[in-house]
Amino acid sequence: MSRLSEPSPYVEFDRRQWRALRMSTPLALTEAELIGLRGLGEQIDLLEVEEVFLPLARLLHLQVAARQRLFAATAEFLGEPQQNPDRPVPFIIGVAGSVAVGKSTTARVLQALLARWDHHPRVDLVTTDGFLYPNAELERRNLMHRKGFPESYNRRALMRFVTSVKSGSDYACAPVYSHLHYNIIPGAKQVVRHPDILILEGLNVLQTGPTLMVSDLFDFSLYVDARIEDIEQWYVSRFLAMRSTAFANPESHFHHYSALPDPEAVVAAREIWRTINRPNLVENILPTRPRATLVLRKDADHSIKRLRLRKL
């Protein structure tokens, strides 16, 4: 563990230092389960779960308990009835990072681990993809080329959803996005019923603004980080692999890429990266990294090697 030479709100760890903080946290995840959680191109193994995610699960367990004590203290000050222990105030975790950096896998593994704790068995995971405007609306606004940028999301609807969950509503509904069809599924809803923990995963969840934003409602946030050059290579590799998986489906919005030979597919992937994903990362996503409670820094082989925890 290292503290920066200048006064800083952060503590930095290498993986060896971080894994020591696991204490006796048990591993309740099998190799078969991990394979089901792993995203395309991801290399996470049980050793990384043990050394990185179990200490994180322990930290979050401690923070959930501390947050509930804080809510109870506020209720006591206000003279309000103590909260029902069976319906605590939901703990909200944000997971941010670039396309292809592995944030979805991070969120799924975290959900699986946290759901195994006795004190918070209901852990829901929602992605912000569902809050993208439908393609017809993006076309009307001339935003199809900006899909994934902050302005392509229905931020008011996202804010209403997270506020509803946080305030203890019996249920809240999120729209559902189809990566196959590259569009919102009309009428489809993901229903969230008063979770103990809600994980919200998306590109821009740590964005700030002149008014209240979803990041203001987070109790904890993660940023999955890596060198831009490494993320680009991961994106290209994933694009190539998807030609024989998701893109191969005739119903896929990107089916026309499935027959491209390697050289042409690489050119197509790098063009998408250069015109959409890299600008969004540099202009909108990367500037939110300092807001994260914990930054997970990956090496070129996808493994998490360093972590930075905000202590203040």
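Keep in mind that glycine also has a Cβ here, set from the backbone N, Cα and C atoms.
Database features, via Swiss-Prot:
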- Gly97, Ser98, Val99, Ala100, Val101, Gly102, Lys103, Ser104: ATP binding site (BINDING)
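Packing around Ala100 (ATP binding site) is summarised by its Cβ count: 25 other Cβ atoms lie within 10 angstroms of its Cβ, all protein chains included. Residue with the densest Cβ environment among the binding-site residues Val99, Val101: Val101, by other Cβ atoms within 10 Å. For the binding-site residues Gly97, Gly102, the largest tally of other C-beta atoms within 10 A is found at Gly97. Same-chain residues that are not part of Gly97, Ser98, Val99, Ala100, Val101, Gly102, Lys103, Ser104 yet have a Cβ within 8 Å of the Cβ center of the ATP site turn out to be Val224, Ile231. Every protein chain shown contributes to the tally, and the Cβ of Lys103 (ATP binding site) ends up with 24 other Cβ atoms within 10 Å. Around Ser104 (ATP binding site), the same-chain residues at least 6 positions away in sequence with a Cβ under 8 Å from its Cβ are Gly39, Thr127, Glu201.
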